[in-house]
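**Q** TrEMBL feature annotations, pasted as is:
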type	residues	note
BINDING	B:27-31, B:Arg126, B:177-181, B:208-213	ATP binding site
DOMAIN	B:24-255	domain 'Phosphagen kinase C-terminal'
Amino acid sequence: MLCDDCHKNEACIHITQISPEGKIDKNLCEKCASRYGNFMQEPQSEDYTVNDFLKGIFSKPSKEEAADVPHGLVCSNCGMTYQDFMHSGKIGCSSCYSTFRKQLIPLLKRIHGAVLHNGKIPKRTGGTLVVKQEISVLKDKLQMAVKSEEYEKAAEYRDRIRALEQKLAAEGEGAAVDGSK
Amino acid sequence: MAVNDLYRDYLLSWFGTEGEDSDVVLSSRVRLARNFESIPFPNRANQKQLAQVQSLMSSVFSDIETVCGQPFDVVGMEGITEVERNILAEKQLITTRMAKTPEYRSAYISEDRTVSILVNEEDHLRIQCMAPGLNVAGTFAAASKIDDAVEEKLNIAFDEKMGYLTSCPTNLGTGLRASVILHLPGLVYTRNMHNITNIAQQLGISVRGLYGEGSETVGNMFAVSNQLTLGFSEKSLIENLTSAVAEIVAHERRARKAFVAYSKTRLEDAVWRAYGILKYARSLGESEVLELISKVRMGVDMELLHGAPSELFSEILIASRPSYIRNLVGNDNLSDGELDRKRAEMVRRILAGG
């Protein structure tokens, strides 16, 4: 349908004007409609979301990835299947991440260019992770120090790494003893 | 505290004029996405599970109040009207998604309105902290403190390798989205915005217009935020964003300076005209107000216009939004003409000093 005013563009907006002379209905194109009052069209962001794009990535895996997808892989916690992913592009629960870890990793690489978390760790449940992260930061620093021939600093880092590793080992044994009970 | 103020106030403490670089940076915000272990994410959870998330959150409510040092309002989305939800969305305290589908969703909003915790949005928890001016690191510190208080008592979904687990893989890892609202009339009028958008994208930073859609932004306000969340520490994500913003701010200031140097008279005229229209108009459209207050704010920040305090900008911004006016008038079905008339009345009242 063409616009009632300019008769050139496709009409996409319907307006009803009520005035003392009566009611007027018109089908207008966006350009002509804008003359009838100052209104902003709401962005229709809900119509497509990032999930639609993820769906696209899920449903078109590369050949080697496709061969890897086992049929009947289901998340034991929420009942999500790999097929559900391909349809919705949404993840069901936190356990899905370990159930579908192998399939998700290539996707994460594509989205973030990385697959390893390098940020904050929960204080209470993070446990030994905090120590592990500290060790890996210190190891980086150690290497830098050796490269720039700052051996005093390097020695200091080495000692701190040793101390942390001992702490970690002690905690590990403690846990093993607890486990055997 | 009266929850009613939440809908009637047009002052937002985090959208003021104090704060660093406030001639260009309007506000900073950090959002952390968190989920509870083993409960399905909101898009897959059933009603019982959504209610479970809400009651888990109530159990740490007093801890959140303690760590923030101020009282919170708990706003159940189902308990308020659609217009009231839309006002909260206009004030960016909740998302439009929450306003549209209120079932089992709620928001914890702090007394000073700088903290808003969304329950059962896309993730179980969205912890948001806001501040005026450029202060991303400060808002992250505040959000992180709340995160710690919740994690102290409740198990948060976390994986050693993948970090914080989120409903959408685009938020995985840190769950951090840091964003800054910029007012960039100089770059818009000198037609440099597309350059900024392109360069920012290469640095992993997204730039989008706050009002209007697509390339048709209204009011020269832009939200700048980090795109990636995995593989970087929170600190480096924030530093990356902050340094990119500093660069944009420098370009904006240069563009404004060049503008004054080339056509001061025209600019002055445009600014004062805008002020005149706002002060005396009897009917103002939604996008018209946004364009006009952008000019006035620029005039104040460039010291071309005197006698108009720059905080008027944020007051008018809130007070001219459609849901805010509808609620004030107490009529959900205002016609566009009446809305424009009321809007002009609100603006005149604010400019006359209350």
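Cβ coordinates come from backbone N, Cα and C, glycine included.
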**Q** Under 8 Å between C-beta atoms and at least six apart in sequence, can you list the same-chain neighbours of B:Gly209 (ATP binding site), or say none if there are none?
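**A** When sequence neighbours closer than 6 are ignored, B:Gly209 (ATP binding site) has B:Glu216, B:Thr217, B:Val218, B:Met221, B:Phe222, B:Ala223 within Cβ distance under 8 Å.
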**Q** Run a quick check on B:Ser27, B:Val30, B:Arg177, B:Val180, B:Gly209, B:Gly212: which of these binding-site residues have any Cβ-Cβ distance to chain A under 8 Å?
**A** B:Gly212
**Q** Restricting to the domain 'Phosphagen kinase C-terminal' (B:24-255), report the mean pLDDT as a whole number.
**A** 92
**Q** Applying a 10 Å Cβ distance cut-off over all chains shown, what neighbour count does B:Val180 (ATP binding site) have?
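**A** Excluding its own Cβ, the number within 10 Å is 28.
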